[in-house]
Amino acid sequence: MEGTGLLTAVLVFLFAAVVAVPIAQRLGIGAVLGYLIAGIAIGPWGLGFIRDVDEILHFSELGVVFLMFIIGLELNPAKLWQLRRSIFGVGAGQVVITAAVLGALLYFTQFAWQAAVIGGVGLAMSSTAMALQLMREKGMNRNEGGQLGFSVLLFQDMAVIPALALIPILAGNEGGANDWVKIGLKIAAFAGMLIGGRYLLRPLFRYIVASGVREVFTAAALLVVLGSALFMDALGLSMALGTFIAGILLAESEFQHELEIAIEPFKGLLLGLFFISVGMALDLGVLFTHLLDVLLGVLALVFIKSAILYGLARVFGLRRSVRLQFAGVLSQGGEFAFVLFSAAFSQRVLNAEQLALLLVVVTLSMMTTPLLMQVIDRILVRRYNAQEESDEKPFVEDNDPQVIIVGFGRFGQVIGRLLMANKMRITVLERDVSAVSMMRKYGYKVYYGDATELELLRAAGAEKAKAIVITCNEPEDTMALVHLCQQHFPNLHILARARGRVEAHELLQNGVKDFTRETFSSALELGRKTLLELGMHPHQAYRAQQHFRRLDMRMLRELMPQHHGDVAQISRIKEARRELEDIFQREMLHESRQLDGWDEYE
């Protein structure tokens, strides 16, 4: 695929995504299923625009690679160590039990025992790309169900390495001393990557940032991601695992958030490409000729996997409210099954018919997951929103609320308690089902649902409410809600939480003036108390705090069009710091002559 052929393929992919995904969202089946359907439409069994599916599928794995890098950035070695019990307990248990059960079923359906073993292991793997995307959409990524799901996926990624090593043994090619030498060299190269990354990456990025050219920083981020992926691929290991480790090595660096911003656009596009490629890989010929076998295989895979995951979640102590979501989101086959089964076919562990059948089962199981999660959502809505009406509209007992609060984590709870203490009528929308369950025990009227859905906002009373307070964890959700409210509820006053300066800039650019950066006010208050401890007069410390607040807000507005780390911004920040020092010096001279303020401020 070269020249104009590549450009044509890119054009077809973009057109398919632009057409299919908005339609899928309007139909309520989700973006992931929209991508899969688009892939079927343009693939060999659809309109036939693209036929070289294997090459596209291999390239599209970069979407998973970028996703794992960003996940690695959000972790650090200490947090990873905290997850060891769930990774090697639940993760290992899920792979071993699922592989044993599914492998036994394959053996009893005329698979040779070698083929049954590798088939069971491959089917035990879940789709990292799909599961993480759905966990983010459903708000699971910050509750215990999402954490446990991530641990299971991480163990599965690591389990691919010994699974690939197992294939030659099952094929009867145990190998000799040369193979052990190759394994030793791979281990040494992997250790070299860890050590080199640990001591070279931060100095590299410091050197690049010093140039003041943002494009070079983005290029360096892409170099690290693609370089670590190709290095691991050359070793015969998981590309996604390599970039995940690279992300962890940079997780505690000062460049963490800027790297996320640089990589995010590529991750989204390539993940979409991955899902389209999976849809293209669906062999409808096998589906038609083995329809009953395929349908039974998909049902068995999803049911058995969900049941095992649900049981493990119960043993692990997961709350009942999140067990269903945890079991459903990991119930499908995964992208690593394509790698394992193809390798097994090349070693003649699987024959052509078995390979085609297993790949179709895996692909269709991936298509069932978005639908299964919608069914689970409906079950949870009925359970936690106490729906009494027979229609299918979202149910919220709004009672004409004055304020709608979206997100009821620690930040949202403080706001809610303050408003309720002042007899304000509020409606709270939260999509973390475990938080809904817990808050209801304490008497809060919290309703389960995704506030980015227009019907839920209407049911919550957005047309009559005076204000909406947005405290979402994800910046994308915050901006989606802002646009939704501005378009459909123009009289609804928007107040929002910003997690940092980048999100604050986005809110300002979209006309939201009432926002609070979550750490800014508390940090200022602690700074004021530090000034008091150092002997500053209370009134003077308060005025210093207010001067700093006003100047920082002015800088936020002035620097809005500029990018973080640009030379112009750095220069303006230094200028503002000097300006602030001059203000404080004048204040101190004035206060030394006339201290007519109060003596205490507590």
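In case you wondered, yes, glycine gets a Cβ from its N, Cα and C as well.
Taken from Swiss-Prot, the feature transmembrane segment applies to 4-24 (among others). When Cβ-Cβ distances below 8 Å are used as the criterion, the transmembrane segment (4-24) is approached by residues 30-31, 33-35, 37-39, 41-42, 49-50, 56, 272-273, 276 of the same chain, each at least six residues removed from its ends.
Residues or ranges marked as transmembrane segment in Swiss-Prot (evidence: sequence analysis): 29-49 (among others).
Look at Swiss-Prot and you will find 87-107 (among others) tagged as transmembrane segment, backed by sequence analysis.
Residues annotated as transmembrane segment in Swiss-Prot, with sequence analysis given as evidence: 115-135 (among others).
Here Swiss-Prot flags 152-172 (among others) as transmembrane segment.
Positions annotated as transmembrane segment by Swiss-Prot: 181-201 (among others).
Summarising the annotation, Swiss-Prot assigns transmembrane segment to 207-227 (among others) and lists sequence analysis as the type of evidence.
Summarising the annotation, Swiss-Prot assigns transmembrane segment to 230-250 (among others). When Cβ-Cβ distances below 8 Å are used as the criterion, the transmembrane segment (230-250) is approached by residues 61-62, 64-77, 80, 128, 154, 157-158, 160-161, 164, 186, 189-190, 193-194, 197-198, 201-202, 205, 224, 256, 259, 336 of the same chain, each at least six residues removed from its ends.
The transmembrane segment feature in Swiss-Prot is assigned to 261-281 (among others); the stated evidence is sequence analysis. Long-range Cβ contacts of the transmembrane segment (261-281) within its own chain (Cβ-Cβ under 8 Å, at least 6 residues beyond either end) map to 13, 16-17, 21, 31-32, 35-44, 50, 53, 56-57, 59-67, 69-70, 129-130, 133, 217-218, 221-222, 225, 335, 338, 359, 363, 366-367, 502, 564.
Summarising the annotation, Swiss-Prot assigns transmembrane segment to 296-318 (among others).
If you look up Swiss-Prot, you'll see 326-346 (among others) marked as transmembrane segment, on the strength of sequence analysis.
Counting only same-chain residues 6+ beyond the ends of the transmembrane segment (356-376), those with a CB under 8 A from a CB of the stretch are 28-30, 32-33, 36, 119, 122-123, 127, 130-131, 134, 138, 278-279, 281-283, 286-287, 290, 293-294, 297-298, 301-302, 324-325, 328-329, 331-334, 337-338, 341, 350. The annotation transmembrane segment is assigned in Swiss-Prot to 356-376 (among others).
For 400-519, the entry in Swiss-Prot reads domain 'RCK N-terminal'.
If you look at the transmembrane segment (326-346), the same-chain residues 6 or more away from its ends with a CB under 8 A from one of its CBs are 57, 61, 64, 94, 115, 118-119, 121-123, 125-131, 134-135, 138, 140, 145, 148-149, 152-153, 156-157, 160, 163-164, 167, 170, 238, 274, 278, 281, 301-302, 305-307, 309-310, 313, 318, 352, 355, 358-359, 361-363, 365-366, 368-369, 372-373, 376.
Here the transmembrane segment (87-107) does not touch the transmembrane segment (181-201). Their Cβ atoms form fewer than 3 pairs under 8 Å, with each pair 6 or more residues apart. Residues of the domain 'RCK N-terminal' (400-519) grouped by DSSP class, helix first, strand second and coil last, total 50 helix, 26 strand, 44 coil. For the transmembrane segment (115-135), the residues of the chain that approach it from at least six positions outside its boundaries are 30-32, 63-64, 67-68, 71, 94-95, 98-104, 106-107, 141, 146, 149-150, 152-153, 156-157, 159-160, 163, 166-167, 170, 240, 271, 274-275, 301, 305, 329-337, 340-341, 344, 349-351, 354, 358, 361-362, 366, 369-370, 373, judged by C-beta separation under 8 angstroms. The average per-residue pLDDT of the prediction over the domain 'RCK N-terminal' (400-519) is 83, rounded to a whole number. Long-range neighbours of the transmembrane segment (296-318) within the same chain, counting only residues 6 or more positions beyond its ends whose Cβ lies under 8 Å from a Cβ of the stretch, are 86, 89-90, 93-94, 97-98, 101-102, 105, 123-124, 126, 144-145, 148, 152, 324, 326-328, 330-333, 357, 361-362, 364-365, 368, 372.
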